[in-house]
Amino acid sequence: MSSQKKKISLFAFFLLTVITITLKTYFSYYVDFSLGVKGLVQNLILLMNPYSLVALVLSVFLFFKGKKAFWFMFIGGFLLTFLLYANVVYFRFFSDFLTFSTLNQVGNVESMGGAVSASFKWYDFVYFIDTLVYLFILIFKTKWLDTKAFSKKFVPVVMAASVALFFLNLAFAETDRPELLTRTFDHKYLVKYLGPYNFTVYDGVKTIENNQQKALASEDDLTKVLNYTKQRQTEPNPEYYGVAKKKNIIKIHLESFQTFLINKKVNGKEVTPFLNKLSSGKQQFTYFPNFFHQTGQGKTSDSEFTMDNSLYGLPQGSAFSLKGDNTYQSLPAILDQKQGYKSDVMHGDYKTFWNRDQVYKHFGIDKFYDATYYDMSDKNVVNLGLKDKIFFKDSANYQAKMKSPFYSHLITLTNHYPFTLDEKDATIEKSNTGDATVDGYIQTARYLDEALEEYINDLKKKGLYDNSVIMIYGDHYGISENHNNAMEKLLGEKITPAKFTDLNRTGFWIKIPGKSGGINNEYAGQVDVMPTILHLAGIDTKNYLMFGTDLFSKGHNQVVPFRNGDFITKDYKYVNGKIYSNKNNELITTQPADFEKNKKQVEKDLEMSDNVLNGDLFRFYKNPDFKKVNPSKYKYETGPKANSKK
């Protein structure tokens, strides 16, 4: 390019950077993010929302002059690109967007190795083509750049136009989704209407507000929550109340398990033959087919948190990571104080993952059997941790030495994304959808099913089965919306938003000594487990703050809230702002009579639970039935096999 030819001005470089970042954002909307965009208004909003913040941020560098102005513009553009791409990779794995809260979980990434790498796609270079071109120009073709300063008097005009565009965007968004910023729990809504960059700013503001909430919280805030939850309490079913008093309680966590696998055949073979038997109602287990996970960004940790506290996880981040130092009145601590239970958690991963080694102390959990208690040599490990069959076998040996009554929680790992399994461990062929995630899920789910059967048989041999309450549950979905096309091939039906909600059934099975099994079709969620167990143990719950209700109570609440503000009842589901019938998943145009009441209850539940966590409200509670847990009395020793990894 000769000196007579027109050079690239700083303003032209600014426009190029804004346009290319916006184009990449559009690309992510339609290729990587599942935002459920419908109609002219939503598509118009999608075209509009990336510009405002990108232009506002980059316009700051128009105040600079010389080559450094171009470099600052380049760095700013690269950081915005990196934010976009980080959200893309995160969304592929979690079907959610990055928040400031999730940055506290960055330590988990190293442990998740292969699962994260599986989230990279061949076409990801698209996100960085412009970055490489700009870098080439800045390093090798500086003569193409017009280093004259941009007229500073026009910079405020550019900034004002960016701000005006944001408010226009917000006006359109409020028209299509009223009270977007005040009553929306779903991050997908926020990104759809605001874009990923404005969402990051919004999340930063909410994070600051939540951090301030603890300092401003008072006993009055606790009283409001107690008054609300006490109105919701239900009477225990006299047929079940106290039937499991001082019985061992074993809780088995099935990683990433979804109940569409129950009675599902692939290539003529049952995927989960053992769980199929437990689900028949003919065994000693009662099966709840309409049991849903209620997790948020914390996924596995959220399921643990919700089931042991009858609280919901946070709208952003993991309660384990962000609120691990709070005061709690958890199920294991109550069982200890009321009936002398000793509690433990068993998991074939290391204790720092999800901040477990700290938060368990605040739950009053006595012992943590982490990876250092198991042989973690290469032959015993797959994907994220210890193979389930080895984990269950060793865990049963530990349990055989425990004094009754104990409360024991076993967390499996093999059926975890990206669902890889050693060939020697596979006993069923993969499905043939062409999607490695979905096809691998079939094999790892079968392996989990076999491991569970071996464990149950082991409990019988060791004399632990008959005297124990045994709970089994799926912690969260395994197959995200990103794999809907493959799921349609596997299930032979269209995966609509309503159908995807149905697929969030993760199942709950419970064996109660002295009770026969069956099938219970009540709609329920993980928040309902704690009050159920307390009533089975014969513990009066009137002074405990819980958002769930007893599964066996005749007054059990069948409105199941999800962390994003959607919900399902026994008759209909509310998904992405629309109501669908449970019978056929068809859209309901006439609003059900109890819809507004249920919607307000869900919003209130989530709001009140968030207040408990953000305000650390249990620190104010003088519960006559509970002595506050002293976390300093708990110490989790390193196990005898700490050096087994090779």
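Placement of Cβ uses the backbone N, Cα and C atoms for every residue, glycine included.
A quick note: this is a predicted structure, and the numbers were derived from the prediction, not measured.
According to Swiss-Prot, THR99 and ASP370 sit on the same side of the membrane. Mn(2+) binds THR300, ASP475, HIS476 as Swiss-Prot records it, and from the list GLU255, GLU270, GLU429, GLU522 the residue named for this site is GLU255. When the topological domain 'Cytoplasmic' (65-68) is classified with DSSP, helix, strand and coil residues number 2 helix, 0 strand, 2 coil. Of all Cβ atoms in the protein chains displayed, 22 besides its own lie within 10 Å of the Cβ of THR300 (Mn(2+) binding site). DSSP classifies HIS476 (Mn(2+) binding site) as coil under the three-state reduction. Sequence-distant contacts of HIS476 (Mn(2+) binding site), defined by Cβ-Cβ distance under 8 angstroms and a gap of at least six in the same chain, are SER256, HIS293, THR295, LYS299, THR300, ASP302, SER303, THR506. Annotation for ASP475 (Mn(2+) binding site): same-chain Cβ neighbours under 8 Å, separated by at least 6 residues, are HIS253, LEU254, GLU255, SER256, PHE257, HIS293, THR295, LYS299, THR300, SER303, GLU304, THR506. Outside the transmembrane segment (8-28) by six or more residues, the chain places 46-47, 50-51, 54-55, 58-59, 61-62, 65, 69-70, 73-74, 76-77, 80-81, 84, 87-88, 126-127, 130, 134, 137, 144-150, 195-196 with a CB less than 8 A from a CB of the stretch. Those residues of the chain, other than GLU255, THR300, ASP475, HIS476, with a C-beta within 8 angstroms of the mean position of the Mn(2+) site C-beta atoms are HIS253, LEU254, SER256, PHE257, HIS293, THR295, LYS299, SER303, HIS416, GLY474. Long-range contacts of the topological domain 'Cytoplasmic' (141-153) within the same chain: residues 1, 3, 7-11, 13-14, 62-63, 65-67, 69-70, each at least 6 residues beyond the stretch ends and with a Cβ under 8 Å from a Cβ of the stretch. With DSSP states grouped into helix (H, G, I), strand (E, B) and coil, the topological domain 'Cytoplasmic' (141-153) comes out at 5 helix, 1 strand, 7 coil.
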